[in-house]
Each structure stands twice: as structure tokens, then as C-alpha cells.
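Annotations for this protein, taken from TrEMBL, read as follows:
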- THR199: active site (ACT_SITE)
- ARG200: active site (ACT_SITE)
- ASN201: active site (ACT_SITE)
- GLN198, THR199, ARG200, ASN201, GLY292, ARG293, ASP294, HIS295, MET334: ATP binding site (BINDING)
- GLN198, ARG200, ALA296: sulfate binding site (BINDING)
- 4-165: domain 'ATP-sulfurylase PUA-like' (DOMAIN)
- 175-388: domain 'Sulphate adenylyltransferase catalytic' (DOMAIN)
- 1-170: region 'N-terminal' (REGION)
- 396-572: region 'Required for oligomerization' (REGION)
- HIS204: site 'Transition state stabilizer' (SITE)
- HIS207: site 'Transition state stabilizer' (SITE)
- PHE331: site 'Induces change in substrate recognition on ATP binding' (SITE)
Amino acid sequence: MANPPHGGVLKDLVARDQPIATQLKEEAQGLKDIVLTERQLCDLELITNGGFSPLEGFMNAKDYNSVVDTLRLADGTLFPIPINLDVSEEDIRRLSIVPGGRFALRDPRDDEPLAIITVEDVYQPNLVKEAVQVFGADDPAHPSVAYLRTQVQEYYIGGKLQAIQAPVHFDYVALRYTPAELRAHFKKLAWRRVVAFQTRNPMHRAHRELTIRASRMHQANVLIHPVVGLTKPGDVDHYTRVRVYEAIMAKYPHGMGHLALLPLAMRMAGPREAVWHAIIRKNFGATHFIVGRDHAGPGKNSYGKDFYGPYDAQELVLKYHDELQIEMVPFQMMTYLPSTDEYQPIDEVPKNVQTLDISGTELRRRLKTGAPIPDWFSYDAVVKTLRESYPPRKSQGFVLFLTGFHNSGKDIISKALQVALNEQGGRSVTLLLGEGIQESSLRFTAEERDQNVQRMGFVAAELARAGAAVIVAPMAPKEHTRATVRNTVLKTAGPGGNFFTIHVATPLAYCEKTDRRGVYAQARAGKIISFPGISEEYEVPVKTDLTVDVSQQNIEEIVHSIVLLLEIQSLV
Ligand code: ADP
């Protein structure tokens, strides 16, 4: 095929280093390790397979600064996104990372050595400057700025890589191609022109129409090239999306399109990202690249305004068009025309012609509530797949988190609730009682109790993810621990991420007076290391979904109010 990779040579380090891979692997056994983060792993895969050509390693200070300031590597080659190996100050010291040193870079999932880096330099980046220059603002509403602030370590290590092996994937192996493999595939099919489509979302009719239009305009075949590395937090998981892509591939004219997955860690950098995406697609052998509306947009900033204009990405790609050597296919927003039952870019729609659109937010609402999704918007097979990942509210899991003093009534409320929910049926109900789980809990230090609550949160999230109703009732005296548990559930339980904090606010004096097991007496006598309300502070929850008190209400009333809370949320 005529189109060369970016910089002229495909840097396929895995193929290049293959003859000495065994030797490198042996050497890696004797080297100190740097275990990669998930994002570094994605970056490493694309450095070593040539997706990021002409990069041959993580950026040194000269390249990094030049990329941040000018969108170019130090030698002038266009490259708009910094690609860095960040490490903590402590690791620099612990591993004695100095220029000239060699380190094994390991896969965080299975500890396999993937490459050896020869350190060129170790430098401290200016993260605020990186945020402003690369993402447009030092605003944590931008996911990559939030990442810079909370995840990125203080130092960057620059240096070239020698590849030992590509990261192993167990999912959709047949759909994963290196740039060399995809180029070979196109060659085999005699595809001379290939228009690539980037996506991190499920595809619907608008996207099919857009890609087919691009194909016809340029007499090119279509490469659907979705990102399955890291995308924007909250996006539809890649398993669901790949099922969607497979369903939509069947809707293309026979032989027109091909689906391949890209293990990229997106940065949501809008315009700069679009230029980067174009470079990557060029490396994978595409001749054309679609940039539509709000390409790789991160959404709204802290002031409620979009970070980038809807067509800023197209403008920047256009600016570098000549040196990119991949043709951009720009599109305005594709919109549906009910009168003719077709899709058209909004700028081609005649005046006074009615158009229809369903926004991403509206689509998510319909999926969540089970509201109908019209044929003009999507395909049955796609909607069916999406609905499977958005079970109706009544099948979604949830977590009821009861916090309060010892003997405040948490256990009795929880047990009564379990009965009430079992009577309703439809879900398995699990009780994670503080005392039941905390054997010898009375000897716990505050830290141990904290860890235990976090472990309960982890288990609760897993159960809720599988659709269970989970009642968790530890004392959980610390606000930050409760917040951690809540976040764990919200982030990891998928559609089961329904979390309710219930403060069982029975006053301490009542809890103590009615304590027939004498635990408070022991605590008062100093026989318990750390006890909430006595020798440890119980931090009253800042925000609760419900506050109850057994000194004021009977158990039936309390259970009823909790079930009502679930009813209001359509969960029962
Ligand atoms: P991202 O750009 O973050 O990957 P999407 O997967 O939503 O997000 O978009 C993939 C590509 O399709 C982008 O180039 C985007 O601009 C384009 N696109 C998505 N929806 C439309 C639409 N309705 N009209 C025009 N372009 C669109």
C-alpha cells in the first residue's frame, strides 16, 4: 500500500527484537522491575507494536517539552500527545533509577516482563503546564487533568524500549491486530483506500450512515477501529460495545467493512487527540480518517461549558493535513430526516426540513428506564445488546449501608429488612453484619476496623454487580471510610451501583443503656482498644439517604421507610 507510516518507518519493536527476545527475557529476570499502570500498559503496547510510530520508547525531557509546547518531537516530527513513564520519587530512590540503567517493564496483570527500558533521563514535569497546553485548562473536570492530579507520579523517565513480548489479551483475540497485521490484511484483500472510524461509544444508525457515506465519497473500504483500552470514565464497557460493533458490522454491505480493536488509552484531548488518532490510524494502514462532531470531547468544564468547540478537532487536523499524509474526512453532525427516512450531515439539510436526534443522555435514560428506542435511531440487535447491560431497575442490585453506634439497632433492622426483601422476591438478599464478619471485632484497632469496612464494601459491590440486594451494617464511624465504600460500589458495581447511606442515629445513651451484652461497660473499663462513641469518635454522616432512630421509631416503621426509599427509586 502506498501510505507510509508516520515518520516513514513502522517501529515494530516486537518483530524487531524477536530474535533476541529470549535473551532479553533472561536479562529481565536479573533486572529491577517497574510494574506498569493500566495506562502505561496501553501506551507500551502501541509503542512496541508501532501504533505510535515513530516513537521507540517513553519520551525524554526534550521530546516531552517540545510535544507539550509545539505538538512536535524534538526532531520536528508532528506528535501532539506526551507519552510518559511516570514513577514516584520513592521508586526512583528505591530502584536507583539513573540514566544508563536498564529496568524490566512488567505487565500489572500477570507480572510478565514486556520490555526493557534503557533510561535516558529522569525529569520532573510541570503538570499544570501540561494540563493547560495539552488539554486546554488546568481543570479537574477534564478526565486527563484529574488523572494528572491524582494518578500521575512526580517523575517521568525517558528512554527507548526493547520489546520482549506483546501484552497477552484473553478477550477478542481474533479482533486484535498490530499495525503490521492490519496492513497485511488490507494488502491481502487488495484494499487500497481505507477510511478509519474511531469510536469509544456504541454505534447506531447515524454512525453506519456516516461511515458508508465516507466510503462512497472516497471509494474506500471502512475500518471500524474502536478503542478498547481506557476511555472516558463512565463509558459503556468494551465487552458490551464489541457485541454492538459485531451486530452493526452485519449491517454493512458485504465486504465493505472490517472491525479491529485498538488498545489505546484515550486522553479525551479533543483537537490534539484527533491529530494523534489520525497518526495512529495512518500507522495501522488507513488512508482516510473520519473526524466528526466533538471528536474525543471530554464534555463540560467546571463552568458548565464545553472544553472544546464541536469542530475544533477538524480545524487542527486540517492545519496539519499536509504532513499528516492521511486524508481527513470531516463530518458535521449526522441527523435524521423523518420525511425521507435518511441521515444527512446537518449542514446539508435544507431549511425548514424537520430533523430528529436522540442525545447520549437521552439514550442512557431510555436504556435505564426501559423506554422505547425507535428504529430510525438504532437496530434491534444493538438495542437488545445494550438493554442486556442496562437491566431494568427491578433487576439491578443495590447496597443499603447502615451506619451507627454499637447496639443502635443496625442488626435488628437489617434482619427485618432481609425478611421484607425476601418476601418481595426477585433478588438474592445478602446480609453483611458488622459483628458477623468481624470475629473478635472488639479487639480491633481503628485502622483494622476501617480496613474491614472497606473489605465489606468490596464484597458488597461485587454482589450488587451480580444483581443482589446487599445490606451492610458495620459501625463505620469514619466519614472517609464510608465515602470510600460508596465510591467502590458506584464505580465497580455497574448497573448495581445503587448505594444508600442509612444513619441509624439512635443516641449513644440509649445504645449504652439497652446493651445487654455489656460491651459498653467493657469499653468504659478500657478493655476494648478503640470503641466508637467511647474511646473513638463517631463522625456523624454528612449526607444520608435516610436517618432512623430506634429510640423514637419501632422496627416495622423503620423497615417500611427503607422499603419506601427503594420504591421511590423503582428498585422494588
Ligand atoms: P469519540 O470521538 O470520543 O471517540 P464517539 O465514539 O462518540 O466519541 O465518536 C466517534 C467519531 O464519530 C468521532 O469522530 C465523532 O466526531 C463522530 N460522531 C459521533 N456521532 C456523530 C454524529 N451524530 N454526527 C457526526 N459525527 C459523529
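Residue numbers in this text run from 1 along the chain shown.
Quick reminder: no glycine exception, Cβ is built from N, Cα and C everywhere.
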Give the maximum pairwise CA distance in Å, whole number, for the residues GLN198, ARG200, ALA296 listed as binding sulfate.
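The two farthest binding residues have Cα atoms 9 Å apart.
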Tell me the Cβ contacts of MET334 (ATP binding site) under 8 Å, same chain only and six or more apart in sequence, or just say none.
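Those within reach of MET334 (ATP binding site), by Cβ under 8 Å and sequence separation of 6 or more, are ALA206, HIS207, GLU209, LEU210, GLY292, TYR343, GLN344, PRO345, ILE346.
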Which secondary structure state does DSSP assign to HIS207 (site 'Transition state stabilizer'), in the simple three-class scheme?
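It is helical.
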Tell me, which recorded positions from HIS204, ALA296, PHE331 are within 10 Å of GLN198 (ATP binding site) if we use the C-alpha atoms?
ALA296
Which are the residues of the chain, GLN198, ARG200, ALA296 excluded, whose CB is within 8 A of where the CB atoms of the sulfate site average out, their centroid?
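So the extra residues in range turn out to be THR199, VAL227, THR231, MET266, GLU273, HIS277, HIS295.
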Closest to ARG200 (active site): which of the recorded positions ASP294, ALA296, PHE331, going by Cα position?
ALA296
Can you grab the distance from THR199 (active site) over to ASP294 (ATP binding site)? Cα atoms, rounded to a whole Å.
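Cα to Cα, THR199 (active site) and ASP294 (ATP binding site) are separated by 12 Å.
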Distance between ASN201 (active site) and ASP294 (ATP binding site) at the Cα atoms, whole Å?
13
Long-range neighbours only, meaning 6 or more apart in sequence with Cβ under 8 Å: which ones does HIS204 (site 'Transition state stabilizer') have?
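ILE248, PHE377, SER378, TYR379, VAL382 - these are the non-local Cβ neighbours of HIS204 (site 'Transition state stabilizer'), listed in sequence order.
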So what sits near ALA296 (sulfate binding site) in its own chain, CB-to-CB under 8 Å and at least six residues off in sequence?
GLN198, ARG200, MET266, ARG267, MET268, ALA269, GLY270, GLU273, ALA274, HIS277, ALA313
